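Notes follow once the structure below has been shown.
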Amino acid sequence: MMKANKIIKLFKGTVIHSIEIGKVEILPNSLIGIDEDGVIQHMKSNYEDLKQLEKDVTMICTDNGINEQESVIDMGNKFLIPGFIDTHAHAPQYHNAGTGTDLPLLKWLEKYTFPVESKFKDLIFAENVYGKVVDRMLRHGTTTCCYYATIHLEASELLAEIVSKRGQRAFIGKVCMDRHSPDHYVETTEQSISNTKEFVDRILAKGNPLVQPIVTPRFAPSCTDELMVALGNLSHEKQTLIQSHLSENKDEIEWVKSLYPGIESYTHVYKHFNLLNERTIMAHCVHLSDEEIKLISTQQTAISHCPISNFTLSSGNLDVRKVLEANIKLGLGSDISGGYHPSILQVIRDSIKCSNSHFFNNGNHTPLTFEEAFYLATVGGSKVVNLDHRIGNFIVGKDFDAQIIDPFVQNSPFDCFDGETLKDIFQKFIYLGDDRNLSSLYIKGNKIKF
């Protein structure tokens, strides 16, 4: 057995996380120790004898040669939860968040989205928006995010640099689109392939394990066959993740059918071009057939559930229960700016509403619980990005990506009362909490400014 690294910091108090879906562990009187690499080396919970807890604190500090006053964080009546994982966000669209919600997907792209994304050829404009969106995500407790950038190589690299400076964990994708796009916002096939390869190489060369490239064909209608073949090959060669959109909107699905009449389904299009595998994240997936769900499960592809966007653009409601029963990796996505809110807490709430809506028409449907939704925002997301061995909860050996939540902060959006259990207070935070309750944020053990 390998010797554990030296512990440099201890967190003492209530810890809340999930190990399996549907079960939230609420662990009072807990003790977590992390090393200089931000890896959890010690985790013990539910001390019944508080004197023993304090003895263990003193012993760990002594054994590791650290000062108890400087190295122990007593959370008091606050609690610790894992960082949220946003599995689908369009960083440039943050400029439009909260506006342009009056149109369905394809018209929305044409009127609002492509015009703003085309502006990111201006690096001053890009730096302003990208700095703000990353800061906002962090303030809402998002420690890991899958970002779509734009078609612009330099601006996409700039987003990666901003993310790296802020200390966020992220996957950054230079968007690829070489057809069926506006004249002012489109690449040639050669440009898209060349710039994407260059982008991937540049990000990998930076050597930051927290910030990785992700191959990003926008969606099948905007990418030629030649481009999709090249992107599939690139992802295989570099072993990067892949992200795209699938079956978000019925008009989109009909469009794909007209483009690929000889291929069985929209999902099969991605498989045809080697873009559907265990490293792939498909956003939305609202209108999948049973055969497509089976294919996604077989391919070990992940789905990013984006309920705010699905509601806002009138795209439809994903049947989350059906996806979970098919043993598909599933996480949550804000989908800024189709989704108007950057907070994964809000996505959790809308995912529950979305699931409840299926019960209206099917009394046998089992709606999503808040415990299950919390799992999707943490462990579920970690599985989607293939980092469940590193993040998602507080198991020893994982990185310490965490939020300290203060339910009693001045001007908290909710109130707590005598006699309430820790579960009551946690549930209030899930339904009523916001960025005001975020006291501290850590990514791989580093305290993040927000």
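Cβ coordinates are placed from backbone N, Cα and C, and glycine is handled just like the others.
Long-range Cβ neighbours of His90 (Zn(2+) binding site) (same chain, at least 6 residues apart, Cβ-Cβ under 8 Å): Thr113, Tyr147, Tyr148, Asp335, Ile336, Ser337, Gly338. The feature Zn(2+) binding site is assigned by Swiss-Prot to His88, His90, His245, Asp335.
Annotation comment: Swiss-Prot describes His90, Ala91, Pro92, Gln93, Arg218, Phe219, His245, Leu246, Ser247, Glu248, Asp335 as substrate binding site.
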The largest Cα to Cα distance in Å among the residues His90, Ala91, Pro92, Gln93, Arg218, Phe219, His245, Leu246, Ser247, Glu248, Asp335, listed in the record as binding substrate, is 22
Rounded Cα distance, in Å, between Arg218 (substrate binding site) and His245 (Zn(2+) binding site) is 7
CA pair Pro92 (substrate binding site) / His245 (Zn(2+) binding site), Å rounded to integer, equals 17
Note on Zn(2+): the CB centroid of His88, His90, His245, Asp335 has further same-chain residues inside 8 Å, namely Ala89, Tyr148, Ala283, His284, Ser304, Cys306, Ser309, Gly333, Ile336, Gly338, Gly339
All chains considered, the count of other Cβ atoms within 10 Å of the Cβ of Asp335 (Zn(2+) binding site) is 31
